[in-house]
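Novice: Got a structure here, written out as structure tokens. Questions coming.
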Amino acid sequence: MLVNCDALSCATGSSYVRARECAGCHVLKGPNCCVEGAITDYFQMDQFEKMFSNRDSLEPYGFGTTYINRKFTGTKEVAAFLAHVATKTSCEYNVTTKEPSASSLCHYKKTNSNSYYCDEQYKNTYPCTSGIAYYSRGALPFYWNYNYGEAGKELDVDLLNHPEYIEQNATLAFQVAIWRWMMPIKEHQPSAHEVIIDYWKPNKNDTLGKRVSGFGATMNILYGDLVCDQGDNESMNNIIAHYLYYLDLMGVNQEETGPNEVLSCAKQVVFNPSSSSSP
């Protein structure tokens with residue numbers, strides 16, 4: 001089951017994050033494949049309160065609701081999150097010819113992968129289940145047994161033995177995506193949330209590696225050297241285009257996004273090279 005291909009609205013404050021669900025585009029025929037249904041049918045109030053108890057905090061803990069230095073940054077964070085979701089779940093239309101909201105939220109898992117993404121370093125804490133592949137599923141890049149184990153523990157779902165649950169439940173897919181967004185993948189590294197709200201402060205090594213807070217760093221965290229430290233490339237530019245598109249829809253001028261080195265990760269040394277266990 002997929003999230004609706006044409007409607008996703010995020011509310012801040014005490015309101016709920018709402019969306020519609022979409023039965024697979026590969027199953028239903030015709031251009032309008034989406035069906036009605038609210039996430040709140042599955043997402044109960046007590047679950048929402050537990051997961052997002054700090055959403056109104058003035059500290060940098062509320063997804064999409066953060067204030068820093070009296071400047072509201074929640075809009076930028078929601079736009080950034082949606083840009084990555086739209087790119088990850090793209091129906092492969094070009095963003096310059098099709099609106100991202102109409103061309104995304106279709107694909108929910110990585111295809112044609114021969115890797116099981118099983119890191120044996122975690123065999124005691126998050127042992128891989130025989131025959132199970134921990135490739136990316138859901139709305140954001142999400143790989144490796146330790147990520148499935150950690151997210152499953154936080155969400156109280158057995159994702160280590162049943163990663164397919166993410167493919168089958170739209171609400172869970174977005175819960176996992178928000179977990180991925182909010183949580184640093186490794187110790188002493190920032191989360192996508194922290195870099196987009198400019199809470200993360202680069203150290204000397206980060207500065208030498210041209211890593212700065214901003215949208216470019218979210219790509220670094222989520223995609224590593226699949227997108228970043230590769231110079232100017234189509235994949236990176238496509239993600240940036242989605243981000244600018246959503247910002248425009250939400251009334252934020254491009255001038256407010258910052259200089260190119262903040263938007264881009266073309267010259268950023270990656271946090272997690274693909275030669276190691278990466279996100």
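Just so it is clear, glycine is given a Cβ too, placed from its N, Cα and C backbone atoms.
Got these off TrEMBL a minute ago, pasting:
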type     : residues  : note
DISULFID : C118-C128 : disulfide bond
DISULFID : C228-C265 : disulfide bond
DOMAIN   : 62-256    : domain 'Glycoside hydrolase family 19 catalytic'
Novice: Have a look at the disulfide-bonded residues (C118, C228, C265) and report the one with the fewest Cβ neighbours inside 10 Å.
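Specialist: Fewest other Cβ atoms within 10 Å, among the disulfide-bonded residues C118, C228, C265, is found for C118.
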Novice: How many whole Å apart are the CA atoms of C265 (disulfide bond) and C118 (disulfide bond)?
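Specialist: The separation of the Cα atoms works out to 28 Å.
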Novice: Can you tell me how far the Cα of C228 (disulfide bond) sits from the Cα of C118 (disulfide bond), in Å?
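Specialist: Given the Cα positions, C228 (disulfide bond) is 24 Å from C118 (disulfide bond).
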Novice: Pop the mean pLDDT for the domain 'Glycoside hydrolase family 19 catalytic' (62-256) in here, whole number is fine.
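Specialist: The answer is 85, the mean pLDDT of the model over that range.
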Novice: Quick one: give me the count of other CB atoms within 10 A of the CB of C128 (disulfide bond).
Specialist: 22
